[in-house]
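Q: Could you have a look at this structure, given as structure tokens, before my questions?
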Amino acid sequence: VSPGCRGAQGRLAYKLLHDLFANYSSALRPVEDTDRALNVTLQVTLSQIIDMDERNQVLTTYLWVRQTWLDAHLTWDKDEYGGIDSIRIPSSYVWRPDIILYNNADEHFGGSMETNVVLRSDGHIMWDSPAITKSSCKVDVSYFPFDGQRCRLTFGSWTHSGNQIDLRNQLDTGDLTDFVENVEWEMLGMPATRNVITYGCCSEPYPDVTYTLLLRRRASFYVFNLLLPCIMVSFLAPLGFYLPADSGEKVSLGVTVLLALTVFQLLVAESMPPSESVPLIGKYYIATMTMITASTALTIFIMNVHHCGPGARPVPPWARRLILHHMARLCCVYEVGESCKSPQRALGGRAGVEDAGGPGESPGEGPVGTEARGCPWDHCLCHHDALLSNVGYIAGCFRRHRANQRRTGEWKKVAKVMDRFFMWVFFLMVFLMSVLVLGNAA
């Protein structure tokens with residue numbers, strides 16, 4: 001094409017623009033018959049999910065909105081204008097449908113950008129405009145961080161009813177060909193539906209097109225930063241029962257673990273909306289904190305049992321039979337020199353042997369022993385009354401001291417058996433709670 005022809009084409013385009021808008025008004029709906037509805041077709045392309053604010057329940061997205069309609073007043077014969085079939089003009093020159101986002105949550109309420117429209121010779125107008133929208137989205141965090149969300153984008157005319165603008169969706173789904181993957185949310189789909197609603201304020205029907213964003217959270221970040229630390233800290237709580245009672249750190253470990261879980265709980269609460277639905281990880285934290293509180297309380301009780309003094313009562317027979325016999329074998333708690341496979345001695349046998357003779361009475365010190373060593377019974381000095389009374393007093397003291405030691409040792413063994421028993425019980429509880437959390441997530 002020669003430069004002269006291009007100049008003629010430009011002059012024809014200028015003349016076309018002047019002729020089209022000589023008697024045109026962008027304020028009125030461009031239809032030949034005002035009683036007929038104007039068909040407007042809507043198509044939305046999702047380009048990017050910018051942010052999902054769960055606490056304020058606001059979804060920020062970057063959209064490309066395409067609207068097409070027929071303007072009956074902007075048609076021309078392309079043969080009269082050098083074959084010009086389409087022109088691109090500012091969108092403010094033509095009438096535009098007042099299609100807005102119904103569930104807009106932007107405080108500034110910004111609309112689409114002022115981009116050009118494509119005007120064809122048969123009067124069809126196509127308006128593509130990018131828009132950054134903030135829409136309200138009902139966030140359900142019951143299964144956080146393994147949750148999925150359904151956020152809706154509802155588009156419709158603000159002032160024109162269905163008798164004036166018939167809004168329809170071009171496709172049954174939103175366009176995701178140019179979607180930029182989000183690091184936190186996975187896009188599963190974007191179905192589109194057309195709804196016709198009659199509101200209480202007006203008797204006319206108002207059509208709208210609703211795009212539903214099906215989102216699923218990528219849980220890897222939260223699993224490695226919130227869930228796994230909680231599970232590892234939770235497994236420290238039962239180890240408090242394994243600590244020796246004389247170390248003085250049993251209660252301190254439980255309180256430290258409780259404070260650590262409280263910090264994680266606060267981190268989750270800061271990002272979640274203040275609703276009645278508690279997230280799954282929050283339920284796990286609460287259950288774990290309750291378990292640790294119970295374990296700390298039991299540790300205090302067991303330490304009180306362990307430090308029973310000489311004035312404590314003897315171990316009851318039922319506790320001796322249940323704890324020192326059955327539970328001790330179950331938890332593999334044994335004395336020095338014993339093992340889980342060692343035969344159990346008869347209950348009370350040791351006490352009977354020790355009580356039979358006082359400390360210091362060797363097998364050869366009885367009457368028979370004295371005769372065996374050749375000391376005549378009637379010539380021994382131990383038959384003096386005063387000496388016999390003193391020896392009996394000393395033997396009684398040693399006998400009471402050994403009985404107190406034996407009673408204290410039995411209570412310490414009761415505390416040790418209870419420690420081992422509750423350690424395995426709480427290990428099992430932590431494991432089951434972790435399995436339940438992962439099962440609900442699946």
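Using N, Cα and C of the backbone, Cβ positions are placed for all residues, glycine too.
Annotations per TrEMBL:
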type	residues	note
DOMAIN	14-218	domain 'Neurotransmitter-gated ion-channel ligand-binding'
TRANSMEM	221-244	transmembrane segment
DOMAIN	226-436	domain 'Neurotransmitter-gated ion-channel transmembrane'
TRANSMEM	251-272	transmembrane segment
TRANSMEM	284-303	transmembrane segment
TRANSMEM	421-441	transmembrane segment
Q: List, by number or range, the same-chain residues at least 6 past the transmembrane segment (221-244) whose CB is under 8 A from its CB atoms?
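A: Same-chain contacts beyond the flanks: 144-145, 184, 250-251, 253-254, 257, 260-261, 264, 267-268, 281, 284-285, 288, 291-292, 295-296, 298-299, 302, 419-420, 422-424, 426-427, 430, 433-434, 437.
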Q: Other than its close neighbours in sequence, what residues sit by the transmembrane segment (284-303), given a CB gap under 8 Å and a spacing of at least six beyond its ends?
A: 227, 230, 234, 237-238, 240-241, 245, 250-251, 254-255, 257-258, 261-262, 264-265, 268, 278, 415, 418-419, 422, 426, 429-430, 433-434, 437
Q: Quick one: average pLDDT across the domain 'Neurotransmitter-gated ion-channel ligand-binding' (14-218), no decimals.
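A: Residues in the domain 'Neurotransmitter-gated ion-channel ligand-binding' (14-218) carry a mean pLDDT of 90 in this prediction.
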